[in-house]
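Per TrEMBL, these features apply:
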DOMAIN    C:2-144  domain 'Aspartate/ornithine carbamoyltransferase carbamoyl-P binding'
BINDING   C:54, C:55, C:104, C:132, C:135, C:271, C:272  carbamoyl phosphate binding site
BINDING   C:82, C:176, C:230  L-aspartate binding site
DOMAIN    C:163-308  domain 'Aspartate/ornithine carbamoyltransferase Asp/Orn-binding'
């Protein structure tokens with residue numbers, strides 16, 4: 001029952017031909033701060049917000065967003081925006097096309113019924129992950145509204161899905177790969193574009 | 001065998017059985033061996049030649065123990081198909097066990113089996129009579145009436161004559177007509193009908209009901225003493241354990257006047273318990289396959305004569321009787337066609353026995369035990385033309401589908417073994433030729 | 001892995017992955033919608049040659065909550081007596097286009113044979129006196145929770161099985177639960193002590209990598225969990241021990257033995273229990289009895305197993321699971 005984890009990633013820092021860093025740690029941090037403000041503005045405050053990160057990298061991003069929201073609105077109770085993880089593995093439409101996938105945790109500290117759930121993920125690409133997340137969320141309850149926040153929107157949508165809050169729009173070729181690495185999961189904060197033939201990356205959907 | 005118009009001239013073979021220096025050519029006419037100088041002298045007779053250069057000529061093999069399933073289970077084997085398989089295995093006589101449906105426990109049933117064998121015309125098919133009526137271990141079958149039809153070997157094989165008193169009476173009774181009781185040694189209280197795996201590490205691990213070695217050797221220990229007590233003839237079927245060998249060795253020394261013989265099957269000479277790990281019922285047999293130490297012990301016993309003979313326990317089964325869960329599947333494996341090859345592999349190639357010993361164990365001794373006077377004879381002028389030509393070096397991969405038997409429960413499938421039998425001549429008739 | 005035939009098919013990493021997912025599945029059972037879509041379009045047949053309402057229901061619910069189509073076939077008495085072979089039965093069911101068969105059979109090894117005869121994936125739901133790997137998984141899952149809670153308030157940091165001793169008590173010879181538990185618990189690094197009268201110890205048990213004793217009281221003094229095995233009715237008259245009373249005195253988890261347990265020692269029983277024989281009412285209903293937790297864990301663990309086996313693509317699966 002061997003289940004592959006994340007595919008190997010190139011070592012942090014260095015650049016190889018066909019492989020460039022497009023966001024560094026500071027860029028990521030600025031983007032998240034901006035997104036936090038946008039979320040607060042769109043929601044007119046933090047009331048009723050629930051942040052649901054999609055494993056694996058959406059989860060630390062959701063927690064960082066929660067921290068940014070708390071920093072943006074100190075003393076407003078925003079320091080305790082309920083934040084958790086929403087695993088979508090079992091809802092994917094491509095389970096049958098690869099070995100059994102590892103399932104991540106689903107942990108939301110509060111009920112999603114009536115809440116404004118912000119789905120948080122690292123990269124928005126085909127939109128299929130978000131589609132799966134909407135289904136997964138529907139089985140947990142009935143949110144008042146669902147919003148989508150992504151660090152990077154790289155285009156090439158295959159479904160009618162659009163992000164509400166985007167850290168960075170990144171035009172890419174379809175065969176390029178966008179690699180988000182975070183200190184919590186990868187030991188470094190950066191976003192890279194890897195050209196075809198470059199280092200292998202985890203599969204993006 | 002009646003008058004014929006064809007002679008068979010076998011040229012160049014080396015005779016085994018104390019006659020190696022007699023020259024190689026053999027002339028077969030009207031079921032008898034003649035002086036080869038006679039070949040072609042009578043122009044009215046057709047002459048068929050077999051070039052046997054490099055081959056051995058041995059007395060036809062005799063199988064003390066096979067199951068031909070007719071009457072009753074003609075879907076698994078008939079006397080004719082079993083006899084054909086036997087001929088291909090080099091046998092010129094087989095003894096058919098009594099556990100058919102109905103059981104061979106009357107003179108009529110015995111005559112029927114013998115007649116079916118004569119119809120097939122592929123060598124002698126000799127019925128074994130049941131010891132007890134219906135093999136139920138309670139009352140003696142009509143041993144004397146069966147003996148009047150020529151039956152000399154009696155066995156409840158498949159069941160042990162476990163009742164000591166019945167065993168004693170059977171041994172005593174058959175003395176009157178020089179019969180022998182062939183015992184399936186299995187104490188049913190120690191190894192009941194569910195027992196299907198040698199009791200040991202493998203049975204414990206696989207969760208299969210154990211068949212302890214002691215269930216065999218304790219019965220043998222009892223029976224050898226009953227044989228001595230009754231001054232009768234005991235033959236122990238399919239000896240499978242080192243303990244049994246020790247008991248037999250002791251008994252033959254302790255009771256030198258007693259006529260105690262024993263057989264081992266080819267599968268117990270080579271196959272071991274660990275083959276059961278995949279739960280393939282092909283390897284389910286009774287007595288069960290034993291660990292390597294036992295295999296070694298029965299080989300040594302066959303080499304030194306503690307075990308007298310090889311007998312196949314050929315047990316054909318229809319697929320639907322074998323393809324059950326292991327515990328539910330039928331016991332037994334086919335073996336007539338591969339028997340000599342396994343003996344060569346385990347005894348000759350290992351240096352444990354020479355061809356003289358092989359001939360004793362597969363022909364001369366079984367013929368003597370079964371009192372078959374025209375079998376197992378030295379290949380001398382005037383003797384019955386009952387012989388097998390063997391190529392001592394040929395090998396082949398066994399294919400279960402390539403068989404004259406009706407059944408495919410072949411534990412040797414896919415295994416490379418010696419493939420020695422080139423031709424079989426039973427009472428002057430060529431019953432198999434490769 | 002292609003099939004789950006034996007607890008030996010599961011290494012420690014795989015077991016922990018099954019347990020981790022089972023934790024998630026246990027959470028799903030508290031949701032308003034208990035169903036996950038992971039096995040949509042997969043067909044799972046519960047092929048039971050022997051009655052077991054408990055195990056069958058558990059597999060049935062597990063499959064259904066993963067959205068598989070689950071069909072129950074009771075093949076009891078269909079084989080030997082009616083002339084249909086096991087192979088016929090298995091291949092007939094396989095011909096209906098099933099993805100997996102969950103097989104329970106009174107004869108040891110039947111799932112191994114079935115795996116030779118069909119392309120369907122096989123889960124052993126108990127074979128004869130041989131193995132019951134999902135029971136071992138759910139037992140170990142229950143123990144993992146218990147040990148974690150006992151160790152450090154539920155932290156997942158340290159190995160919950162390290163340094164633990166589990167006593168397995170009763171009819172080892174005829175117990176598929178015991179065989180699978182010995183295999184899995186030793187894989188997980190647990191010290192296993194088998195406690196039984198010598199008549200109920202299988203031959204070769206000394207090669208199993210566990211300890212064996214007839215002294216239940218001594219074993220209790222060291223045990224972090226005692227796992228009581230059911231004494232089958234037919235063994236009571238089979239001459240394996242003189243009387244039920246004598247069995248209870250020697251090998252039952254009596255009130256006195258419950259009192260002698262170390263604090264926190266878990267009490268397990270795969271059920272159904274013979275109260276008053278191998279387990280006293282005091283033991284079954286004690287605060288540290290995990291008997292009901294074991295039952296509750298059954299569905300979650302079986303969901304996890306079914307997902308691990310059937311959640312991926314067929315091609316990968318048929319290549320023997322090289323991921």
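Yeah, the Cβs are placed from backbone N, Cα and C, and that goes for glycine too.
Note: TrEMBL annotation is automatic and uncurated.
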| request: List which of the binding-site residues C:54, C:104, C:132, C:135 have their Cα within 10 Å of the Cα of residue C:176 (L-aspartate binding site), in sequence order. | output: C:132, C:135
| note | Those binding-site residues out of C:54, C:135, C:176, C:271, C:272 that pass a Cβ cut-off of under 8 Å to chain B are C:176
| field | Where residue C:272 (carbamoyl phosphate binding site) falls in three-state DSSP terms | value | coil
| note | Same-chain neighbours of the carbamoyl phosphate site, Cβ within 8 Å of the mean position of the Cβ atoms of C:54, C:55, C:104, C:132, C:135, C:271, C:272 and not counting those residues, run in sequence order as C:52, C:58, C:126, C:177, C:270
| Cα-Cα distance linking residue C:230 (L-aspartate binding site) and residue C:135 (carbamoyl phosphate binding site), given in Å to the nearest integer | 14
| request: Determine the C-alpha span of the carbamoyl phosphate site listed in the record, that is the greatest distance between any two of C:54, C:55, C:104, C:132, C:135, C:271, C:272, in Å to the nearest whole number. | output: 17
| field | Cα distance (Å, whole number) from residue C:230 (L-aspartate binding site) to residue C:132 (carbamoyl phosphate binding site) | value | 14
| message | Going by DSSP, is residue C:176 (L-aspartate binding site) sitting in a helix, a strand, or coil? | response | helix
| message | For residue C:230 (L-aspartate binding site), which of the listed binding-site residues (C:54, C:55, C:104, C:272) have their CA atom within 10 A of its CA? | response | C:272
| Including all protein chains displayed, how many Cβ atoms other than that of residue C:271 (carbamoyl phosphate binding site) lie within 10 Å of its Cβ? | 16
| Looking only at Cβ atoms, how many others are within 10 Å of the one on residue C:132 (carbamoyl phosphate binding site)? | 27
| said: Name the residue among the binding-site residues C:54, C:230 whose Cβ has the smallest number of other Cβ atoms within 10 Å. | reply: C:54
| query | Can you count the other CB atoms that lie within 10 A of the CB of residue C:272 (carbamoyl phosphate binding site)? | reply | 8
| said: Is it possible to get the count of other C-beta atoms within 10 angstroms of the C-beta of residue C:176 (L-aspartate binding site)? | reply: 24
| Could you give the number of helix, strand and coil residues in the domain 'Aspartate/ornithine carbamoyltransferase Asp/Orn-binding' (C:163-308) as assigned by DSSP? | 63 helix, 24 strand, 59 coil
| message | Can you give me the same-chain residues 6 or more apart in sequence from residue C:55 (carbamoyl phosphate binding site) with a CB-CB distance under 8 Å? | response | C:104, C:125, C:126, C:134, C:135, C:298
| Which whole-number mean pLDDT does the model give the domain 'Aspartate/ornithine carbamoyltransferase carbamoyl-P binding' (C:2-144)? | 93
| query | What does DSSP say about residue C:104 (carbamoyl phosphate binding site): helix, strand or coil? | reply | strand
| task | For residue C:104 (carbamoyl phosphate binding site), just count the other CB atoms lying within 10 A of its CB, please. | result | 26
